[in-house]
Amino acid sequence: MTILIDQPPLEIEVNEKKVTNSEEMELVLEGGFVVPNANAFGHTFRDYNVESDRQYGVENFYKTNHICQTYEFVKKMREEYGKLDKVEMGIWECCELLNNIVDESDPDLDEPQIEHLLQTAEAIRKDYPDEDWLHLTGLIHDLGKILLHPIFSKLPQWAVVGDTFPVGCAFDESIVHHKYFKENPDFNNPKYNNKYGVYSEGCGLEKVLMSWGHDDYMYMVAKENKTTLPSAALFIIRFHSFYALHRSGAYKYLMNEEDKENLEWLKIFNKYDLYSKSRVRVDVEKVKPYYLSLIEKYFPAKLSWEKFIKSQQLRALKEQAGLEFNLFQESLNKIGSATASARLEIASSTIEDLSSPLPREENAGTFDGVALRSWNAG
C-alpha cells in the first residue's frame, strides 16, 4: 500500500533543447541545468557498447545479474530484508556510510555514491526550487546501496545495483544485455515466460515483483518507516532503475492509473539522475543543513533498517565509512610490521568479538591491503 498525500500538479514538463556554440553541443533542462556532453569516462551516457575495461566489467555484471535474478530469489530476498527489525539509523548517517561505495553496474560514474546523491539533488533543486520533496528524493533514491557496505550484509553487486526488471513474467527484449536471460531458470518456465506471467493486465506495479536490489530495499525502508513523502517519491525510489519502463515503454500493460501519473514524475527525475553524473563536486557542508531540514520534515529521526548490523557497531564505525574503520586501528597499531596473515587474524578476531554469534563469510573486502571477512546473519 503506497502512502498518499496531496501532490503538486504536473504543470511542468522537462523540456530539452540543444544549445550550439563554437565548441560543443549542450543539453539544457528546463530551469537552466546544463547537462555535460559526456560521462565521467568521456563517453555518451548509458552506452553499453563502447569498448573499454569499464564496459567489460559492466557486461560481466549483467550476465551474472540476469542469470541469478529469478522469481523465487526475489521472494526470498524481500521476505528476509523486509523485516527491518534490528537497526536504527538516520538518513544522513546512511548517506555518510556510502562514501566508499562505487556502483560497478554504472557505465557513467566511478565516484563515491554520496557525490551522485548530492549532484542529483542539487540539480533538481536548481530547476524545481519549490518541490522540496523531489530534492529529498534525489538525495535518498540510492540509499539502498548501503546493502553493498561490509558492515551491513555486503551483498554481491549483482543483487544490489543495475537496471531492474519484473520477475514472474517474460523478460522484455529492451532490457540491457537481454541475451543473458537465456540462462535464467525462469526463461524456459511456462509459468513465468509469457507476457503476463503471474500478473494480470492493469494490476498495478505495486503488485509486481522487481529484480532485487537497492531500489526495492530503500522503497521498503521508506514506506515501513512511515515517511510522509508523496506516492510519486516512493514510485521514483522503487522504479528509478526500471529503464525498460521509463525509457522503452515496456510493461505498461501492468500499470494502473496511479502508476501512469507517477511515471511522469519519474521521467522528470530520470533526467537528473542520469545527466547530473559529472566531475563537479558539491560542497557537502554548505548544503547539509538544507537537506537535514528536509529529512526532519519527511522522516522520523531514526529509521529501522535490515537486521545484519548491530547498533553499537554502527556507532563505532559511522565516522569512517567503508573498511577503514577506527575499530581496528588500535589493534593494528600494536603489530605494526607484522605479517599479513597476523594482521588478518587480529582484524578478524576483532570483528568476531563484536559480532559474535553472527557467522561470517569469506572475502568480504580488504582493510589496509589485507583480505577480511565480514559478518552475516544466518
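Here, residue 1 is simply the first one shown, and the rest follow in order.
Quick reminder: no glycine exception, Cβ is built from N, Cα and C everywhere.
For Arg46, Asp103, Glu104, Ser105, Lys145, Gly162, Asp163, His240, Ser241, the entry in TrEMBL reads substrate binding site. According to TrEMBL, the feature Fe cation binding site maps to His116, His141, Asp142, His214, His240, Asp273.
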Next on the checklist: I need the CA-to-CA distance for His240 (Fe cation binding site) versus Lys145 (substrate binding site), whole Å please.
Outcome noted: 13
Item to check | Where His214 (Fe cation binding site) falls in three-state DSSP terms | outcome: helix
Checklist entry - Applying the rule Cβ within 8 Å of the centroid of the Cβ atoms of His116, His141, Asp142, His214, His240, Asp273, what extra residues of the same chain belong around the Fe cation site? => result Leu117, Thr120, Lys145, Asp215, Ser241
Checklist entry - Nearest to His116 (Fe cation binding site) by Cα distance: which of the binding-site residues Lys145, Asp163, Ser241 is it? => result Lys145
Item to check | Structural state of Ser241 (substrate binding site), classified by DSSP into three states | outcome: coil
Checklist outcome for this item: Cβ contacts within 10 Å for His116 (Fe cation binding site), all chains included, total 26
Checklist entry - Counting distance between Cα atoms, which of the binding-site residues His141, Asp142, His214, Asp273 is nearest Asp163 (substrate binding site)? => result His214
Checklist entry - If you count Cβ atoms within 10 Å of the Cβ of His141 (Fe cation binding site), leaving out that atom itself, what do you get? => result 26
Item to check | Ser241 (substrate binding site): tally of other CB atoms within 10 A of its CB | outcome: 25
Next on the checklist: What whole-number Å value do you get for the CA-CA distance of His214 (Fe cation binding site) and Ser241 (substrate binding site)?
Outcome noted: 9
